[in-house]
Amino acid sequence: MDPEQAAHWSPRKKRPRQRSASVASAPHDIRFQDLVLFILEKKMGSTRRAFLMELARRKGFRVENELSDSVTHIVAENNSGSDVMKWLQGQNIQASSELELLDVSWLIECMGAGKPVEMTGRHQLVVSDVHGSRQNPGPKPVRKIAKLEGVWRTFCLPGFILQDAFDILAENCEFRENEASCVEFMRAASVLKSLPFPIISVKDTEGIPWLGGKVKCVIEEIIEDGESSEVKALLNDERYKSFKLFTSVFGVGLKTAERWFRMGFRTLSTVKLDKSLTFTRMQKAGFLHYEDLVSCVTRAEAEAVSVLVQQAVVAFLPDALVSMTGGFRRGKKIGHDVDFLITSPEATEEEEQQLLHKVTNFWEQKGLLLYCDHVESTFEKCKLPSRKVDALDHFQKCFLILKLYRERVDSVKSSQQEGKGWKAIRVDLVMCPYECRAFALLGWTGSRQFERDLRRYATHERKMRLDNHALYDKTKVKVVFFFPLKLARVFLKAESEEEIFAHLGLEYIEPLERNA
Ligand code: CTP
Ligand code: MN
Ligand code: MN
């Protein structure tokens, strides 16, 4: 496609349905291997089907675009079991008795629960005797209109659809570098995640922070129509889908995604094969280990990496303290990488600077280092914490891809392991001076949204400034020399995260509570 044409592409333009549904949806981690879903488009419509497919994939379900032998569950809406059987026969498919025919209400309950829920008679579709090659699971009321309304209400009730809608809207704003709206939608998603009650009507949003303006309009639309037209359009939007796909490659940021999109690329395979493009070392590693890196890191894998890191670090610096940070410290079950903070009370500056290099050299010799990017420290003592809520820190760090052998994760399964026997895992290591460790731990535990909000709170409510290195009280100065009179800034020291919260006048917030 001509780049200009691509730049002026309008989301309303129709594409062949098959393509839009199958190509550019970024892979999601499959959490429930035993289930293979197929969602029937008949009577459901293509947009709602695409919406539900994306939602289910985001929740870790395997959803096929096409009906195949591997499908275990067919999900339909406004169809009886007989309708589905008729459709299957029309496709020349003989359904086995193991194939589950389910109403969309089952899928929606699974979405709410975040996992497969038990299939009961109320979910299973009735097949009349005419199509009697299958057993009827039991009586089931078919009240199409009432059921349809019921479905939409279930859709609205737990708030999950709202929160997913705002995650998608925020992501799109991020792709369009519209920071203000991105933060607005991310906040809305966070608030909705933390609400103890469901949003059933617009009235329920009154008095809740961050649910005004644009956010309120979206909520209104979802409550009234069951879905947001903007989200629906996005899930079919070429730009959104391409950006999501391209940025899923390690080393591809918004600029590169934009360039590839403008050049007319829509799939990773065409990007990879194009001779005119050059890739950074990071992107080459990203393509090489793509499948491993997009399938999320599990907690068991993170624990196995932790043992690797711990062993290597203490071999060179026996008094070093290694903490797992990031999403896993916040109790997340899966992550895109594993983050570690390393510090040592006794190390000299030189030992401190050398450690990450020694550790990565050690892994390289063992053949475990698949990618490594060292960033040296630019840390200066007594430097004022940054004014920007998103400022990067100045610690020495390295961004890695490590080879994690399966037997390190699960020794029982390893003997039956097929394939290459290892998985590429993204790992971030950060080395910080001992006196900064509490600030670094707080900063690297995240979530990003939590850090932003905490920093904003420090600045606006406490007239302080907080970042990954220090906390500084703007209202206080101290006299350091009697003559000539010299004033110095007051940095508030902290040995632990608890002390930082206390300085800020806040109750301690556990890492598990920092996800929103
Ligand atoms: N962080 C930071 N400076 C960076 C990168 C990250 O301060 N240059 C902090 C952020 O606050 C972030 C945390 O470190 O919350 C971990 O970053 P990241 O691994 O990107 O996110 P996670 O929260 O761990 O989520 P994921 O599971 O996707 O890895
Ligand atoms: Mn992480
Ligand atoms: Mn990270």
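Positions of Cβ are set from backbone N, Cα and C atoms, glycine also.
Those TrEMBL annotations? Automatic predictions, nothing curated.
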Recorded Mg(2+) site member, picked from Asp225, Asp237, Asp428, that accompanies Asp337, Asp339 in TrEMBL: Asp428
Secondary structure of Asp337 (Mg(2+) binding site) (DSSP, helix/strand/coil): coil
Helix, strand or coil at Asp428 (Mg(2+) binding site) [DSSP, three-state]: strand
Listed in sequence order, residues not in Asp337, Asp339, Asp428 with Cβ within 8 Å of the centre of the Mg(2+) site Cβ atoms: Thr325, Gly326, Gly335, Val338, Phe340, Phe399, Arg426, Val427, Leu429
Which of Asp339, Asp428, the listed binding-site residues, has fewest other Cβ atoms within 10 Å: Asp428
Neighbour count (Cβ, 10 Å) for Asp337 (Mg(2+) binding site): 20
